[in-house]
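Encoded as structure tokens, the structure appears first; notes follow it.
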Amino acid sequence: MKNIGIINCGMGNLHSVSNAISNIGFNPVIINASKDLVSFACSALVLPGVGSFDLAIDRLEKKNLIEPVKLWIQEDRPFVGICLGLQLLFEGSDEGSKPGLKIFNGYVSQFKHSLVKKVPHMGWNKLYFNRFNTIDNLVPHYFHYDLQPWAYFVHSYYIEPKDCYTFNTTSLTFYGKQKIVSSISYNNILATQFHPEKSGLFGLFILKRFLSSY
């Protein structure tokens, strides 16, 4: 059984992600330090989180996990970012002053009250897929342009990429008048603004198909 490392930032959804990983047939292991990546011989990494951008970066720094996580991604090893874990892949956030992991160009912005009903964006919302993206290479037969599944969201900030050509925008979501990039892919990265671990069978399917590909 493959070990799937779940990075512990102490930011919310560790338990539910661990249960989801177990339910789809993998062995979840909690990563608290860089040495855990080696000792657990992880096949993939998951970076979950809900809450403060700066606090998450601060905790990764204190656990000396910033560079190991960046190296893992740079080596094209399987990586899943969930909610805050997606946002941390970018340069920084309106929420604070700390730099992100800078895997992608762009920043994380707060919802504008003039465009949305209320903040945070919490609950179920529909995903829209682009028929010309390459998500079928990652989770074939389901993530497809003519299917519009629903997923569960909890967030007050959203990513604003500078250069969408550096990765594949695999799905969009609309909240009020605001368009949200709700999932992206790049090489061996799958990152979602929604919570697959809380999105029922659809969310579990996404995780299983991606993690089973490696």
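Heads up, the Cβ atoms here are built off N, Cα and C, so glycines get one too.
Features of the protein shown, as given by Swiss-Prot:
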DOMAIN    3-214  domain 'Glutamine amidotransferase type-1'
ACT_SITE  Cys83  active site, nucleophile
ACT_SITE  His195  active site
ACT_SITE  Glu197  active site
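Features as recorded by Swiss-Prot, highlighted on the structure.
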residue: Cys83; record: active site, nucleophile; CB count, 10 Å: 28
residue: His195; record: active site; CB count, 10 Å: 22
residue: Glu197; record: active site; CB count, 10 Å: 26
State the Cα to Cα distance, in Å, between the residue listed as 'active site, nucleophile' and Glu197 (active site), rounded to an integer. 11
Give the three-state DSSP assignment (helix, strand or coil) for the residue listed as 'active site, nucleophile'. coil
Overall pLDDT of the domain 'Glutamine amidotransferase type-1' (3-214), taken as the mean: 89
